[in-house]
Amino acid sequence: MTERIVLAYSGGLDTSVAIGWIGEATGAEVIAVAVDVGQGGESLETIRQRALGCGAVEAYVADARDEFANEYAMPTLKANALYQGHYPLVSAISRPVIVKHLVKAAREFGATTVAHGCTGKGNDQVRFEVGIQTLGPDLKCIAPVRDLALTRDKAIAFAEEKGLPIETTKKNPYSIDQNVWGRAVETGYLEDIWNAPTKDIYDYTATPEFPPAPDEVTISFQAGVPVAIDGVKVSPLQAIQELNRRAGAQGVGRIDVVEDRLVGIKSREIYEAPGAMALITAHKHLEDITIEREQARFKATVGQRWAELVYDGQWFSPLKRSLDAFIEDTQKYVSGDIRMVLHGGQAIVNGRRSDTSLYDFDLATYDTGDTFDQSMARGFIELWGMSSKVASGRDLRVEGK
């Protein structure tokens, strides 16, 4: 029986060429797997037909937009996950859902190997292969760009030689990855980290220097998940899409950062994540009034470690599952409404309310009706500073000898 290989297929030049390239290099039949995580562009049927036209014996396509929003974006939101304080894990959280469908397709079509289009110096090769070996430990992995010397120039030449139904061009100098949670742009002109991004780089966001009138929006949450916008019920996918539109129109969610890649190098990245950043901002402000102080402090540490694990391709790891359990427990009271103004590249919260809030007006007010017993403060301060006071006395005693 002829060996079968499933290929993570985007519909672009590199993976279209990879179908024939893999076939010629290995003698295997190739099954193309395309997963829609909200990247937009062509329909799944168009992509399926192109895969078949490029030589795939089968084409597996999946509309995973709701799955991605519910099972991958929402845990990211609950964690307030920003890798190194900036990056909302746009590409990192899409890889596990793609891996899940790659392994599913491999089982369905009897494949023994999974192929992906990643290079040998990026994070995604790790995310794909660690995920595949976790969900399908018997499956082998290959990367045509890394393992079979498939360069961009060779891809163009191969496509033209074989007459493949795909545009061959070098016009776009950037590497772009996008989904409903955001958009990532790298390489080309951006590799000189002194170069400012040019306007043509952006697609999800309008220029914030000339914004339209301020847009006030109220986001309602239930147990950490957005359930309504301005009183209209929404699914997680709809919430992200609506805020991509509204926050994007105001230039919210542009990020220019040099980050530490898993493989040991620093890389300049431009991100656009209007919906994600607006939601994370709103969610964090709701947590500020619904989560107890010590729990909130520890959750911030957990969220940072969670982001590192996911960035590093450990979505399916035992530690990540344990952190998920903690984060989920913190969300049971994170319900209520956040009002924010979207304008000029910023999402500024100006109102919050919750039936499960820990904010007590009578304790917080400085006006008549204050129920806070200020007479307790003196004793509290004495005890709170006791250890520092004792240590200082010791230092003075020892140093004075």
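Even glycines carry a Cβ here, placed using N, Cα and C.
Swiss-Prot lists Ala8, Tyr9, Ser10, Gly11, Gly12, Leu13, Asp14, Thr15, Ser16 as ATP-binding residues, and of the candidates Gly85, Gly110, Gly117 the one it assigns to that same site is Gly117. L-citrulline binds Tyr87, Asn123, Arg127, Ser175, Tyr271 as Swiss-Prot records it, and from the list Glu167, Glu259 the residue named for this site is Glu259. Among Ala8, Tyr9, Ser10, Gly11, Gly12, Leu13, Asp14, Thr15, Ser16, Gly117, the residues given in the record as binding ATP, the maximal Cα to Cα distance rounds to 13 Å. Those same-chain residues not listed among Ala8, Tyr9, Ser10, Gly11, Gly12, Leu13, Asp14, Thr15, Ser16, Gly117 yet with C-beta within 8 angstroms of the centroid of the ATP site C-beta atoms are Val17, Ala18. Of all the binding-site residues listed (Asp14, Asp124, Glu259), Glu259 has the fewest other CB atoms within 10 A of its CB. Here Arg127 (L-citrulline binding site) comes close to Ala92, Arg95, Pro96, Val99, Gly313, Trp315: these same-chain residues lie at least six apart in sequence, with C-beta atoms under 8 angstroms from its C-beta. Cβ crowding, taken as the number of other Cβ atoms within 10 Å, peaks at Ser10 among the binding-site residues Ser10, Thr119.
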